[in-house]
Amino acid sequence: MQKYTIAVVGAMGAVGREMLKTLEQRNFPVKKIKPLDIPSNAGKKITFQEEPIAVEAAVSGAFKDVDIALFSAGADASKVLAPTAVTEGAVVIDNSSAWRMDENVPLVIPEVNPEDLSWHKGLIANPNCSTIQMLVALKPLHDRYNIKRIVVSTYQAVSGTGQKAIVELNQQVQDYVTGQPIKSNVYPYQIAFNALPHIDVFLENGYSKEEMKMVFETKKIMDKNISVSATTVRIPVFRSHSESINIETEKPFKIDEVVTTLNEAPGIIVVDNLTAANYPLAIDAEGKDEVFVGRIRRDFSIDNGLNLWVVADNLRKGAALNAIQIAETLVQKALI
Ligand SMILES: NC(=O)c1ccc[n+]([C@@H]2O[C@H](COP(=O)([O-])OP(=O)(O)OC[C@H]3O[C@@H](n4cnc5c(N)ncnc54)[C@H](OP(=O)(O)O)[C@@H]3O)[C@@H](O)[C@H]2O)c1
């Protein structure tokens, strides 16, 4: 079996660490792993397949022996370094928002639009974590009932912001418990015991950039005719995003058919037993690969309306796993 040299750019970060773990767990055919990060992190050690490996600086020249470069170092790094990596011969799978809406770059969720990988030119974008879990859940329903409109509200974990936000929530909880003053550096307000309707920057249209990512990415990945209205909220959960999703479909549906359709779709686990108070929970989704769907119920306020509660691990399916599934699909389809 052919094996590949894999660079992980941003290897010391929240997604980078999860990428290394996911490559190990899925037995991806790795010939050599190259952890790359900012030059000041060069020399620090990460562990891969029980071996300590020194982190190297992510600079031009670092990709000459690389087959696949998994980027999770932020948009600024990707804008500069991803084209460099492609020029040096690597196929880049980028987790940042830098290239997602570029018309020459496929934006791919393997369960939704794997066919778009066929036209890649060396750079492939991984969608936003909130978009990924929403579209994994909605694609089988769109195929069957044709979704016209989506109204989504998110409840997003701090790990979606990165490693520094995980540390900040931990510290704020400790300071609250011990009666110390609470300091906020990553977020504009205290995140512990709070909810912030503010993810990424605000735009002139009154929405946050995170909200508009869900609108534009849904159209690019699944169907340009779908209308999306999103409200994205950060909550004091370490890991896994939850979403309240309301859809309006063109075709009528029966609830038991919806459940069967979701149960049969790839990457989804239905957790929906109200008598046992069974529904998807952020803490249960942590470390899992699947998207969990529950609270499946008709919206009686409109014709053909449906409500869902959708939960997935943002570091896993929302980032690292999706990127590695893209790499696996490239290998399977001989697109690399
Ligand atoms: N977290 C998620 O759930 C999630 C989901 C989907 C997509 N993403 C995207 O993935 C990217 C990384 O997110 P994250 O949560 O892992 O952030 P993170 O924890 O802050 O990790 C980013 C890592 O990249 C390093 N870095 C910064 N600039 C770099 C450069 N120019 N070259 C090489 N390394 C550099 C950072 O070093 P320093 O910390 O020392 O600056 C850090 O080690 C972001 O674009 C994010 O939007 C994240």
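Indices start at 1 and increase along the chain as displayed.
Every residue, even glycine, has its Cβ placed from backbone N, Cα and C.
Just so you know, TrEMBL annotations are computer predictions that nobody has curated.
Cross-referencing Asn314, Asn322 against the NADP(+) binding annotation in TrEMBL, which names Ser159, Gly160, Pro181, picks out Asn314. In this structure, the recorded positions under consideration are Arg100, Arg234, His241, and the one with the smallest number of other Cβ atoms within 10 Å of its Cβ is Arg100. With a CB cut-off of under 6 A applied against ligand 1, the binding-site residues Gln156, Gly160, Arg234 are reduced to Gly160. Highest Cβ count within 10 Å among the binding-site residues Gly160, Pro181: Gly160. Proximity to Cys129 (active site, acyl-thioester intermediate), judged by a C-alpha distance within 10 Å, picks out Gly160, His241, Asn314 from the recorded positions Ser159, Gly160, Pro181, His241, Asn314. The average pLDDT the prediction assigns to the domain 'Semialdehyde dehydrogenase NAD-binding' (5-120) is 98.
Counting every protein chain shown, the number of other Cβ atoms lying within 10 Å of the Cβ of Ser159 (NADP(+) binding site) is 25.
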